[in-house]
Amino acid sequence: MSSILIAVIAIAALALVFGLILGFASIKFKVESDPIVEQIDAILPQTQCGQCGYPGCKPYAEAIANGDMINKCPPGGQATIEKLADLMGVDVPSSAHDEEKSIKKVAFIHEDMCIGCTKCIQACPVDAIVGGTKALHTVIESECTGCDLCVAPCPTDCIEMIPVKTTPDNWKWDLNTIPVVNISTDQPSKSSEL
C-alpha cells in the first residue's frame, strides 16, 4: 500500500475514534437546564449589554426564573416586557423603566472629533457601528439598541446618546383607542322575499 493511503486510513480511524469519544462525552456529561430559562432567554434581545445589572442575557434569564423583576432590559423595550409577563404569568409593570430610560436613545458619533481608534466598534455588542482603523465611524441607527456601552471607551468623547427621531415607522400607534362599532345590516332574508 502506498504511504498516502495509509495516512488517509489512519486519519479516518482517528477521526472515527475521537468522534465516538466526543459523542459519548456529550451524552454522559450533558447538563440539564431549566426549560423556562431557555424560553426567557429566547425572548430577551441578546445584546449582552449589561444594563439589567447582569453580565449578559442568559444570567438575567436565570434571575427572572428565580423571581427577579422582568423590566430591567431597556434594549428589549415594552414588547419584551409584555412577552416576559405573558410567559411568567405576571402583570406588566405600570412603569417599565424610569422616565429617563424610557425614551429610546441611539448612539451618535460626532465624526469631526472621531480619531478612528475602533474602541467603540469593539465595545458594541450588536455591531451597530461601522468604520475602520484611522477612518471615521458612524452608527447604523436601526441596529443600535441604545445600550450606552460605546460611550465610555471613546478617548475623545465624540459619542453621545441622542433620542430617536419620531417617524411614522417608529411611532407607537395606539390602535386600541379607535372606537369600533359593529354596523348591523338589516337586509331582508331570502325567505321573506318569497
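From the backbone N, Cα and C atoms, a Cβ is placed for every residue, glycine too.
What Swiss-Prot annotates here:
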- CYS49, CYS52, CYS57, CYS73: [4Fe-4S] cluster 1 binding site (BINDING)
- CYS114, CYS117, CYS120, CYS154: [4Fe-4S] cluster 2 binding site (BINDING)
- CYS124, CYS144, CYS147, CYS150: [4Fe-4S] cluster 3 binding site (BINDING)
- 32-90: domain '4Fe-4S' (DOMAIN)
- 105-134: domain '4Fe-4S ferredoxin-type 1' (DOMAIN)
- 135-164: domain '4Fe-4S ferredoxin-type 2' (DOMAIN)
- 1-26: region 'Hydrophobic' (REGION)
(request) Return the member of CYS49, CYS52, CYS57, CYS154 nearest to CYS124 ([4Fe-4S] cluster 3 binding site) in space, with distance defined Cα to Cα and candidates limited to these binding-site residues. (result) CYS49
(message) Of the binding-site residues CYS49, CYS52, CYS147, CYS150, which one has its Cα closest to the Cα of CYS114 ([4Fe-4S] cluster 2 binding site)?
(response) CYS150
(request) With an 8 Å cut-off on Cβ-Cβ distance and a minimum sequence separation of at least 6, pull the same-chain contacts of CYS49 ([4Fe-4S] cluster 1 binding site), or say none. (result) PRO75, PRO125, THR145, CYS147, ASP148, LEU149
(request) Filter the binding-site residues CYS52, CYS57, CYS73, CYS117, CYS120 down to the ones within 10 angstroms of CYS150 ([4Fe-4S] cluster 3 binding site), Cα to Cα, kept in sequence order. (result) CYS120
(message) Considering Cα atoms only, can you say which of CYS117, CYS120, CYS144, CYS154 is the nearest neighbour of CYS52 ([4Fe-4S] cluster 1 binding site) among these binding-site residues?
(response) CYS144
(message) Counting other Cβ atoms within 10 Å of each residue's Cβ, which of the binding-site residues CYS57, CYS154 comes out lowest?
(response) CYS154
(request) Consider the binding-site residues CYS120, CYS144, CYS154 and say which one has the Cα lying nearest the Cα of CYS73 ([4Fe-4S] cluster 1 binding site). (result) CYS144
(message) Restricting to the chain of CYS120 ([4Fe-4S] cluster 2 binding site) and a gap of 6 or more, list residues whose Cβ falls under 8 Å of its Cβ, or answer none.
(response) ALA107, ILE109, ILE129, HIS137, CYS150, PRO153, CYS154, ILE159
(message) An 8 Å radius from the center of the CYS124, CYS144, CYS147, CYS150 Cβ atoms defines the neighbourhood of the [4Fe-4S] cluster 3 site; name the other residues of that chain inside it, in order.
(response) CYS49, ALA107, CYS120, ALA123, PRO125, VAL126, ALA128, ILE129, VAL139, THR145, GLY146, ASP148, LEU149
(message) So if I draw a 10 Å sphere around the Cβ of CYS73 ([4Fe-4S] cluster 1 binding site), how many other Cβ atoms end up inside it?
(response) 25
(request) Specify the secondary structure state of CYS124 ([4Fe-4S] cluster 3 binding site) as given by DSSP, simplified to three classes. (result) coil
(request) Within 10 Å of the Cβ of CYS117 ([4Fe-4S] cluster 2 binding site), how many other Cβ atoms can you find? Include all protein chains, please. (result) 16
(request) Could you name the residues, excluding CYS114, CYS117, CYS120, CYS154, of the same chain that surround the [4Fe-4S] cluster 2 site, i.e. Cβ within 8 Å of the Cβ centre of those residues, in sequence order? (result) ILE109, ILE115, GLY116, THR118, LYS119, ILE121, HIS137, CYS150, PRO153, PRO155, THR156, CYS158, ILE159
